[in-house]
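As C-alpha cells, the structure follows; a few thoughts come after it.
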Amino acid sequence: MTEWMHERLHDDYAQSLRVDRVLYDSATDHQRLRLFENARFGRVLTLDDVVQTTEADNFIYHEMMAHVPLLAHGAARRVLIIGGGDGGLAREVLRHPGVDHVVMVEIDAGVIEFSRQYLPSLSDGAFDDPRLEVVIDDGAAFMARKGGTFDVILVDSTDPTGPGEVLFTDSFYGHARSRLTEGGVLVTQNGVPFLQGAELAGTMRAFRALFADWGCYLCTIPTYAGGPMALGWATDGVARDTPLNVLQARYAEAGLETDYYTPEVHLAAFALPGYVRRLMP
Ligand code: SAM
C-alpha cells in the first residue's frame, strides 16, 4: 500500500509527499525526526512532521540565505548560524574563501549527528571544515550572553512552534543586533507569507524598531509549499541595492557556482508583490 506523509503545519492546508522508503524514524530529546525517500525529492528530512529539507530542492533556500547577505556585505569574515543542523547552510557559507570563522548554534545534537550519517550531501564536508565551530545550545540563550560579534548572522530555524518559537521574539532580535559588527547584517527564516503572514509581520515590526534598514526578500522552494518564502533582512549598514557589477565581481572573486542564486536574482528578490508589501508595518 502506498504511504504518504501529510505535513501538519497548517490546520486547513497541507502538502503530501509519497513515502517510498522510510530510512529512519525516531524521537530525539527535542523533536520527532524522520527521514524517508521520495522519487522526486530524494531524501526528505522532517521534524515533527514538517519538511525541513530535501536533497533535491535545499539548494534554493541555502544559496539564497547564504549568498545574498555575504555578497552584499562583501567582506564578511565571521558568520553565526542559529539552527541549521542539517549542515546545508554551513556548506554554502563556507564556499566563501573570505569567511574564516563560522559558529553554528544548534539546539539538537541529534539533528547534526543524524544529518552527517544519513544526509552527507547536505553538509558536503562542512562539518569537517576547521573554520566551523559547532555549539550545542539554545540559540536564544547563546544570543543573550555576552560574546563575540559577527559580520553576518543567519537564523536557519524551524517554524515558530516548539523549540524554534524563541527565535521569533523581539528580545532575540534585540540580542542579535548587539551581536552584529558595525555594518553587519541579520537574515532570518520567515516562512511563506501567503500562509504565515502574521509571523512575517511580527518580525518586520521588531526589525523596524531596531534597525535602520529592514525588510525581506523572497525565493521559491517547492517543499516549503504555498508560494514564495520570505527571508528577513535587517542591517544598519549593508546595502540591499549593491550595484549589479559589484555583486558580479564579488561572485566571480569568491569562485561560486550556484544553481539558484545569481547576482540578478539577488537584486530581484527584494521586489515584493503587493500582498507581501502590505504585511510591512
Ligand atoms: N530550513 C528549514 C525550514 O525552513 O523549515 C529549517 C532547517 S532545520 C536545519 C532548523 C533547525 O533549527 C533544526 O535543526 C532545529 O533543531 C533547530 N532549532 C530549532 N529551535 C532552535 C533553537 N531555539 N536554538 C537553536 N536551534 C534551534
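Cβ coordinates come from backbone N, Cα and C, glycine included.
Keep in mind the model is a prediction, meaning the values are calculated, not measured.
Between the candidates D86, D128, D129, D137, TrEMBL assigns the spermidine site shared with H62, D156, S157, T158, D159 to D86. Fewest other C-beta atoms within 10 angstroms, among the binding-site residues G139, P163, are seen around P163. Taking Cα separation as the measure, H62 (spermidine binding site) is nearest to E106 of the binding-site residues Q31, E106, D138, G139, P163.
Across the fold, the C-alpha of T158 (spermidine binding site) and the C-alpha of G139 (S-methyl-5'-thioadenosine binding site) stand 12 Å from each other.
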